[in-house]
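Single-structure report; data block below.
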């Protein structure tokens, strides 16, 4: 039974073949991503309310939507921003929600329910998911002629490319950016309107009346059924120009083209623009289905682009802004390269420590276990990306632990003269329970990583998953295939039991062995000394733990970064465009910069998995994607550009931001002030901004309630207006028509419905003097000078009112220099608050967000299952050793491992971040694993079991080789991660590899010493009872 694979060579061969074929086929078919996908738990609801102030928008729109959505129990937080004419409500779901689609369906249903309660002037609320999946490809179609851009042409060409990419297998979605909406513009001056005796509303209604896109009935007879339709729909510019318009008091008829200028163009002002490489463009962004290989999709997409470019008209160009497959390939090449290097290092050190035959067998465990993991990943739909492959790197040292123990045990049995079949059978029978116990405890140590909820859990979860798969694969192979191979290899070439050459039995040094054995003899003579010595390093770690600098996730080392530019709230998009072009000229002077691409009025397409945004219709806002030549001196480039932009463009807030790893947050430092009074919140926010701006590492601050935007206030003399038959509503309606225009019908081009807008010429709409000198039409048809019934004054107004969970909030954000630690700056800020005596009035409160809040939430989610897992781990150990005392020893080892990880981080001057926490959890499993091996050996020796010091020393000497071998191979396996240049993995590698040396001391000194203390005491108690009885 226990040597089935040794006895049945056909079964052994078929198993090896199955593992190899299964693993290789899975590896070739697994989806490839740059980073893990994060579940979309955030969405926005945007509602337009033209002409309304921020307060009216808050009261009449935002409040009603928030109240309706607050009944959904899966919602974690509802935040909103109410500005002049626009409401944006952001909904975030709880981290524990994984099946999000049913919840979002309920959100959309609730939004539909609230529509009847909104003002008639408000638009229908627009629901939009906040995209968390990075685009696979972003392509700009650029206008390269030296003449005004024709967006009609660009848009239609972009729509053609959109259709081509959408039809590619594996395409998930395709979106257009920077494509202004088209419209038919009917421009007529105010003077002409008065001369003709008609209003803009009347002209618009007559145009609409000529556009009969409705059925007029159906002719039905016994023989046929025919549809009637008025053949007068608007279908071209010429048809619109020919519309008869009734003018004058006597109803004369004139064609529209004779009294107004009819043209086709883009809606003005445009809501968003794209500048790709400094050229006007329409951008196409495509995402790929998560179960599809990005590299294969990109290969097909590039063929489509090549054919599409060949058919482009002169003056149009294609510029690839992002090809994610390049980064996916780089990332996977890097981590798979690390995996290969680690494997070679582990096999090399195994050769030195174990000898060539043992190293050969142990080395086979690495590729076989890895192939089994690939196969299991395919079954569980886990794609290949930096996290899943890194999990394999972490597991490298663990993969061969079981194999080393099994091969060493088989070798010992063979050296004692056992037949290979018996040696294999006895090894498997003896080691199944302890190896299963050690594997399960290590698996349980990684379960919190694999099961952590929320965005952080989804980001790092596959690390735990692949480590667990690797451990289970290693255990299965070690007790079956590896044990059989060990018996076969040694059977084909028997061991020479007294061979001293290192290539046969591994390296050994008699002098070091004597010194080591002497230290064991001295320690086991006074076991309490061994316990105290083993606890020195963990205690140092616990003492230094508080001094470790903290960081959530380090920034990514990618040849891209982003720039956000924000001008005063009243800025026109044309001004923002001129500013971004000037910034481009400055940035292009840096040799490290390859190009920069701008998106104005809204956020850029998702080009990195955690760069998210909900900016829309923001004419003062622009986001730039900066492409570098390489990643050399990345932080220095960012710092330099931040300084130059602040000095050169002081009228705008420019944020140069390195791309971050992990779940997204809006700003590194964020302080939220809650309270009822907007003016008080604004004052408190300004005080915090002043304190933050005095910190050296802070580059910029901003607050949601800081800026006052200018507003033209219309003051109506109601008495005068009444006398001429006008009121507030009529005056506002006429002004709105003159300024924003009036829609009147539409024309159908292909599948697109293009509206017709009646409006004043641009020179009249954009001049305040012209607007205030217009004549209004009274109810009797007479004209009334605007100045006779109204006046216009300039007044300040809050540009935004922010709320969170129904409470008004002023969120103050601080941005810091590249390379600075948010936790350090937050500590300095809190000290400054205390020193300056900052206090909140009654009824106001403060909370911290940003990186600190994200870190706290992520750590809380990670540790949420630890309590249950500790119970399971304890149960596993108690059942394995049938002793609460021995389980208690291993619990002490687990706690000490935390101190060892902290000591290693402190010793190497590393950061304590989320990856360091992952490393600490991994070290706990490894430390317990080593200790179980020694403890199991002690319990299997009759004399050592009773607390005999000499026997204990011999057992420990025997177990030392495979304990040291597993320790050294694990540490060596982490070498590529220790040397990782991105800064992401070194804290994890330091915590595990650095702490593992101390964990080995715990296994070889603490466990035997504590075991001696327990069982010597028990032995004395038993002898004393026997004496009294006698």
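Just so you know, glycine gets a Cβ as well, placed from its N, Cα and C.
Under the heading transmembrane segment, TrEMBL lists 335-354, 359-377, 389-410, 431-451, 463-490, 528-548, 858-879, 886-908, 914-938, 959-979, 985-1007.
Listed by sequence, the residues of this chain that lie at least six past the ends of the transmembrane segment (335-354) yet keep a Cβ under 8 A from its Cβ atoms are 362-363, 366-367, 370, 386, 389-390, 392-393, 396-397, 400, 404, 407-408, 502-503, 505-507, 961, 964-965, 968-969, 972-977, 980. Among the recorded stretches 359-377, 528-548, 858-879, 886-908, 985-1007, the one sharing the largest number of Cβ pairs closer than 8 Å with the transmembrane segment (431-451) is 858-879. Of the two recorded stretches, the transmembrane segment (463-490) does not lie close to the transmembrane segment (858-879), with fewer than three CB pairs under 8 Å once pairs fewer than 6 apart in sequence are set aside. For the transmembrane segment (389-410), the partner stretch with the most Cβ pairs below 8 Å, chosen from 359-377, 959-979, 985-1007, is 959-979. For the transmembrane segment (858-879), same-chain residues at least 6 beyond its ends with a Cβ under 8 Å from one of its own Cβ atoms are 95, 437, 440-441, 444-445, 447-449, 451-454, 456-457, 552, 662-663, 886-887, 890-891, 894, 914, 917, 928, 932. If one looks beyond the transmembrane segment (985-1007) by at least 6 residues along the same chain, the residues whose Cβ comes under 8 Å of a Cβ in the stretch are 390, 394, 520, 523, 530-531, 533-535, 537-538, 889, 892-893, 896-897, 900-901, 903-905, 907-908, 910-913, 915-916, 918-920, 922-923, 926-927, 930-931, 933-935, 938, 956, 959-960, 963-964, 967, 970-971, 974, 977-979.
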